[in-house]
Amino acid sequence: MNGKSAPGKMPTGTTGDTPQVLLAHHLKQLKLPTVLREYDKVARECARDGVDHPRYLLRLVELELIDRERRMVERRIKAARFPAVKSFDTFDFTAIPGLNKMLVLELARCEFVLRRENVIALGNSGTGKTHVALALGLAACQKGFTVTFTTAASLVHQLMEARDERRLLKLQRDLQAVKLLIVDELGYIPLSPTGAELLFEVFSQRYERGSTIVTSNLPFEDWTSVLGSERLTGALLDRLTHHVHILTMNGDSYRLKQSSGRRRSSNPEQAAEPIRATSETVDPETGEISAS
Ligand code: ADP
Ligand code: MG
């Protein structure tokens, strides 16, 4: 059992080790890494506690299942390409009283993904739209759905590049297959007519086939300024908003509040000064604040 052969018998590494070596090999081939890692330890625990063989096997298989689920969630999170992993645990709902907390928590159960419904988060910069989109994406990964996170600008860039390289169809199919597509930041950058059309096609192809989350700093009436054409905007909104939950996230910028708070506490001389939000601009991309 311990792998050491008695003198005169087969040398170490052949017969003496065979069961363990073969077992390790087979478990690897069967892709049961947790069983391989745990079987010896669990065997000793079961022997100590007088647990019978079926229950020993059950414990091992359950450990493998739990681990496998965890690995699959990790894989889905990696595949989603989130710029950061954020959850509702770190989201302060009191900071944005206008947001319907009940609706957000209901969405976090991800039944909307099963129903292939969409979510649109609208509001000015720094109000937590991306945070909410990331948290919903994370919840979807944990519930077993495939997720892709991208920004509108990056998605359009990818689509144009794929078109130029004659692999647009493949990318469109991939984008259609994912259960939840998150398109962040529609509105900061106006799109070219081709870009707008390609984006429209993505939404159109996903219509009633998969869920899409869109975040935007612009109210619907201003989407034409990004998409260029009124007709295209109408058709896109028609599809996107047919089965939709709208999160209205207007309020003070969380970034601005946080950094004002930080500066006040780090500079006691300024502590009594009012925060002059009007004299500062927030870069929508980086969240950096510059005085003007
Ligand atoms: P938006 O996408 O609306 O511009 P973000 O989601 O990027 O805003 O939020 C800016 C920063 O502030 C992020 O680091 C985010 O995690 C944080 N944040 C925003 N709102 C909240 C909130 N209500 N609770 C906790 N963190 C928040
Ligand atoms: Mg954002």
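Just so it is clear, glycine is given a Cβ too, placed from its N, Cα and C backbone atoms.
According to TrEMBL, the domain 'AAA+ ATPase' annotation covers 115-250.
Residues or ranges marked as region 'Disordered' in TrEMBL: 257-292.
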Residue counts for the domain 'AAA+ ATPase' (115-250) under DSSP, helix then strand then coil, are 69 helix, 28 strand, 39 coil
Which whole-number mean pLDDT does the model give the domain 'AAA+ ATPase' (115-250)?
96
